[in-house]
Amino acid sequence: MSDDKPFKQETLRTKVMIIAIISVIIITVLGVITAGYFFGIIGLFRLLGVQYDSFGSLLWFIVGYLLIGGIGELFTNVIRILMPKAQKWRESQIKAAFVLLSFLVNLIIISFLDNVMNSIEMQAITRVIVSFILALADYVMDANISSNQEEKQM
């Protein structure tokens, strides 16, 4: 027989230790992901010549994009789900529409944030390039998720 006890039967000290260790692991993973995203955006912005006053303003730009982008992502995913159900479009048309819609939503969000925030200045072509890169990244991530779900169903 195994000496493993269920979590409910552990002492309070052991429970606190387990929860603390799991919390530290989760916080570390989230920190690494956030830092990677943040420094990736910094690198992309430097390559494209985006000017910003401070890292704080860049952080607010990213937070604003993520908050507003969640609404935009919800909108594009609803359209992506409804288009095949209408049975009027081929698969290639649905994919192209998803990339185009994602590009437009990203362009609107980035343009809005650029106009609202005085501490970040982006040229119009830069907004288009960043929006296109984000739309392609969204499409690739969505394609990976869809292929993983199809493999699980088989």
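Cβ atoms here come from the backbone N, Cα and C positions, even for glycine.
The transmembrane segment annotation in TrEMBL covers 16-45, 57-82, 94-113, 125-145.
Residues 7, 10, 52, 55, 58-59, 62, 130, 133 of the same chain lie 6 or more positions beyond the ends of the transmembrane segment (16-45) yet place their CB under 8 Å from a CB of it. Counting same-chain residues at least six beyond the ends of the transmembrane segment (57-82), those with a Cβ under 8 angstroms from any Cβ of the stretch are 37-38, 41-42, 45, 94, 97-98, 101-102, 105-106, 108-110, 112-113, 116-117, 119-120, 138, 142.
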